[in-house]
Amino acid sequence: MASVEQPNKPKLKLYSYFRSSCSFRVRIALNLKGLDYEYVPVNLLKGEQFTPEFLKINPIGYVPALVDGEDVISDSFAILMYLEEKYPEHPILPADIHKKAINYQAANIVSSSIQPLQNLAVLNFIGEKVSPDEKVPWVQRHISKGFAALEKLLQGHAGRFATGDEVYLADLFLEPQIHAAITRFNVDMTQFPLLLRLHEAYSQLPEFQNAMPDKQPDSTSPTAS
């Protein structure tokens, strides 16, 4: 992968789990910006996020976390904003304030109203409260509600990508969520033609494809699934 020169600096380290959509967002950004990084797998199913070593990096025990020299940043949105300011090559935010606002809104719908309801802790909790036949439909309903809002938000703004013909922040949040909806939760995407079209556009971009869960080194681990 082509990389931006970082003289006299150690390589970036990304603590990631292959299936984590939050980590997926950051992997896309690193690829878009051409930043070389070391992938450090954290197996969530084995509880490695709660080890003393990882909790020193991120006390809340979530992935992703990024180490850049002496800087340690956790939370995908914080990481993306850090990367945008420190490594401005291939900006992930548009200059236009109105378009920027749409990007923030789309990212927030995903990160606040959809993704938290499908994370591992929530799925385990829901699995204790409902039958196995009810768990996936519960997740599908919440994803579909968020997707319906995104379809309305992006109407009139989308071009080749979510907010025009360049890849921006909204796209980094959308593709991991769409991918999870299709591959993990069997959401019927024909209800959301705009999002489905965007998903197909992302499939043509190597920066997105190289960030896919099945392309990560920990996806082949016997305990990964």
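Cβ coordinates are placed from backbone N, Cα and C, and glycine is handled just like the others.
Taken from Swiss-Prot as is:
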DOMAIN    10-91  domain 'GST N-terminal'
BINDING   Ser20, Ser21, Cys22, Ser23, Phe24, Arg25, Gln49, Val63, Asp75, Ser76, Gln115, Asn119, Leu120, Ala121  glutathione binding site
DOMAIN    96-221  domain 'GST C-terminal'
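Secondary structure at Cys22 (glutathione binding site), as computed by DSSP, is helix. Helix first, then strand, then coil: DSSP counts for the domain 'GST C-terminal' (96-221) stand at 94 helix, 2 strand, 30 coil. Around Ser20 (glutathione binding site), taking its Cβ as the centre, 25 other Cβ atoms fall within 10 Å, counting all chains. Cβ neighbour count for Gln49 (glutathione binding site) (all protein chains, 10 Å cutoff from its Cβ): 22. Of the listed binding-site residues, namely Cys22, Phe24, the sparsest Cβ surroundings within 10 Å are found at Cys22. Annotation for Gln115 (glutathione binding site): spatial neighbours Ser21, Cys22, Gln177, criterion Cβ-Cβ under 8 Å with sequence separation of six or more. Counting only same-chain residues at least 6 apart in sequence, those with a Cβ under 8 Å from the Cβ of Asp75 (glutathione binding site) are Cys22, Tyr62.
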